[in-house]
Amino acid sequence: MLNIVFIVLMTLSTIVRIASKSIAEHPQWWWDDHFAILSLLSEVPYLSLIILWLRIGLRYYPSVGFPYLFTSLFFFNGAICFTKLSAILFYARVFGLNNRVFRILLWVAGSLIAGWLVSVWISTVFQCRPIAKAWDPTLPGTCFQLYPWYVSTASLSCLIDLYVLLLPVPLIICLKRSFRRRLVVLITFFMAYSVVVMSIIRLVVIAQGDPCGSAKLICATMEYAHWAVLESAISVISINVPSGIALDPQQLTPTNP
């Protein structure tokens, strides 16, 4: 039920984003909008696979869920990374790229996000020898230990989230606006990237113990899956928040460009 609610909310928030762009006097479509839409297209299949898990009873028939979990990892990791890319591209569109230091920091963020996503996708594909053992544990072969992989990938993702969250703060503080206006803008940006809270919680849940208990792909800890769903779904919804709030780029010029 919660997954269906999230699918509806994500779709509505994206529709509002598209509508706000379409009815504007001078529509300004950019890459942040495209990645926001792409994140929705990645998250809906992920939540749909979770719904299938629940219907087949993942807790009682874990082996049936291997193919679903293997596939869902690509959609989940894609969704959380596409929202990160949408966020930094939104920063670039709003603040511009005239500030050399800020431009470099944006490139660093984009490189970290893309590198993380590619490495996670590759490690997901080649986690077992043969590859098919990842979704068919009855095959002979070996797989790497998943718990250290979960911890390392979640830790890096959390650090990247914090980096992206704090990236625009110096520029917002230096805005040529009143303190109240700067505070509103700061809150707006934090709302747009509030997913960092869920990212931290997911990391804490993983750090409390081995969620899988073995080298298997299926993760029987439903609490971990619960926070993963919250993180990815809320990231898609929150990334659309700034589109519903009037932010004039001309009013977001720092005092020291």
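Even glycines carry a Cβ here, placed using N, Cα and C.
According to TrEMBL, the protein carries these features:
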TRANSMEM  6-23  transmembrane segment
DOMAIN    16-243  domain 'Rhodopsin'
TRANSMEM  35-56  transmembrane segment
TRANSMEM  68-92  transmembrane segment
TRANSMEM  104-126  transmembrane segment
TRANSMEM  146-171  transmembrane segment
TRANSMEM  183-205  transmembrane segment
Contact between the transmembrane segment (183-205) and the transmembrane segment (68-92) (3 or more Cβ pairs under 8 Å, separation 6+): yes
Averaged pLDDT score, the domain 'Rhodopsin' (16-243): 82
Long-range Cβ neighbours of the transmembrane segment (68-92) (under 8 Å; 6 or more residues past either end): 30-33, 35-36, 38-39, 42-43, 45-46, 49-50, 52-53, 102-103, 106, 109-110, 113-114, 116-117, 120-121, 124, 134-135, 157, 160-161, 164, 167-168, 192-193, 195, 199, 217-219, 228, 231-232, 235-236, 239, 242
